[in-house]
Amino acid sequence: MDPMIRLILAQGMLGLNNGVFYAMLSLGLAVIFGLLNVVNFAHGALYMLGAFLALILYSNLGPWLGLDALHIGFWPALVLAPLMVAGFGMLIERFLLRRLYKLDPIYSLLLTFGITLVLQGVFINFFNASGTPYPGMPDSLKGVVNLGFMMFPKYRLFVIVFSIIVCFGTWFIIERTHIGARLRAGTENPELVKAFGINVPLMVMLTFGFGTGLAGLAGVLAAPIYSVSPLMGANLIIVIFAVVVIGGMGSILGAVVTGFSLGLIEGITKVFYAPASNTVIFLLMVIVLLVRPQGLFGKHG
Amino acid sequence: MSTQTLTKPMLKIEGLHAWYGESHVLHGIDLELAEGQLITLLGRNGAGRSTTLRSIMGMVDRREGSILINGEEFITKPAHRISPDARIGFCPEERGIFASLSVEENLMLPPTVGENGMSVEELFEMFPNLANVRKRMGTRLSGGEQQMLAIARILRTGARLLLLDEITEGLAPVIVKTLGRVIRDLKSRGYTIVLVEQNFRFAAPLADRHYVIEHGEVIDVIEAADVEASMDRLNHYLSV
């Protein structure tokens, strides 16, 4: 194989690996924004929370309980941590966000920004700011796979496949099922949906839980790849917002496709001009904002 | 006269006040109707007719007074319990068809509120136009199709009390005629109906009683039998 093509494919795979996190996080943001009209600034912090919960379940819970042998591993954490983050999200919605719906959206943005700072502060206080590696990667996902053009870590391949399934599943639920139809209707005209006898406040709470749960899930998936640190979400959330702007605010399909594509573009940019790989997304954002301000998949307005 | 013989009203509203934010829009509405009856709410734009329906559905910021449905008080119920507990089907102004939902999804959206709702097949029989567009998205329907869908989807739920807001607005005469047939059919099947209507010629032959609303109050009640004798009054109320 031509070394150049080989390099492009290899960087593309690594880029795609970042892209899955862009896709999953912007998907959660899109789901939340669609129904609640809330820009959840705390999304990055909830991603970080998911990663920390996985770490705590593995390394800290046992010693805290005095059971040194207790290590709750990756697979249980993959279920438990997102559920815990979703539960935390639902508490935020029920007791904090719900009070702000009648006010300007800037208030909910400020609230979620505040939650971000609190969460980061708490974790910097109890852990350190520099990051801790996650030791719980399952043995079955250790090692590498030969993709023909590169040796690719088995775990990263798992993350890519798993995320694609999660993203597609979410898209399917929202666009193709009865529950999704209620959600879409609620996005358009919550008042009428309520008048039909659907408990919209409950639906809103569960949706926020689902969106934040996705962030938590992304956090668990990220834990074995990146080191678990209180600021891991803060670094990512800026890119995520760029993804959301490019894809179109509130568009489910837009979030997924844009997330994966931008990861790829970022990776491939590394082949040609590595220093630009961090800025290429923002460059694209500027272009999209100038040419198509509603985003690639967004509707007018 | 039917009002005098009304022993057990299905819907009885007394002293209904409603607010949107700070603005006080209903100033004590009183009305009642028995099972199987059809009443209209007449009046000029902004008189409070739609708001009366929206208040029954809990779609206003604040409401006071009394709304009895089959003897049960609904004034303090949360909005999402009203339709299921009172078996109401609400067809809002401008039809309320969801653009991001297909015809079928719109049809299946409202939860069932009682037994004996019409089946999808029956509904497509009643509204044959809809059968041909069942996969189409809500926005890509004509006004008439949207209106038929808006009525069909509440008939599916098993609702017995129908609140219909301006169903003929902006529709071609031939469709208005079809809707007239549908309403008459529904009445003969025993549905109880409140019709907010601008088109008096459409409403007159269907109604048992007319309530004239102005500035958020009922200013006149005219029985169907007295319409002929009250035409001057009615013309005065409804003239723009």
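Counting starts with 1 at the first residue shown.
Any Cβ shown, glycine's included, is placed from N, Cα and C.
Unlike curated entries, TrEMBL annotations are predicted automatically.
Annotated features, as they stand in TrEMBL:
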TRANSMEM  A:20-39  transmembrane segment
TRANSMEM  A:46-66  transmembrane segment
TRANSMEM  A:72-93  transmembrane segment
TRANSMEM  A:105-127  transmembrane segment
TRANSMEM  A:155-174  transmembrane segment
TRANSMEM  A:202-226  transmembrane segment
TRANSMEM  A:232-265  transmembrane segment
TRANSMEM  A:272-291  transmembrane segment
Cβ pairs under 8 Å between the transmembrane segment (A:72-93) and the transmembrane segment (A:202-226), at least three: yes
Which of A:20-39, A:202-226, A:232-265 contacts the transmembrane segment (A:105-127) most, counting Cβ pairs under 8 Å: A:20-39
Chain residues in Cβ proximity to the transmembrane segment (A:46-66) (below 8 Å; excluding those fewer than six residues from its ends, i.e. six or more beyond): 21, 25, 72-74, 76-78, 80-82, 84-85, 88-89, 119-120, 123, 127, 132, 134-136, 212, 215-220, 222-223, 226, 228-234, 236-237
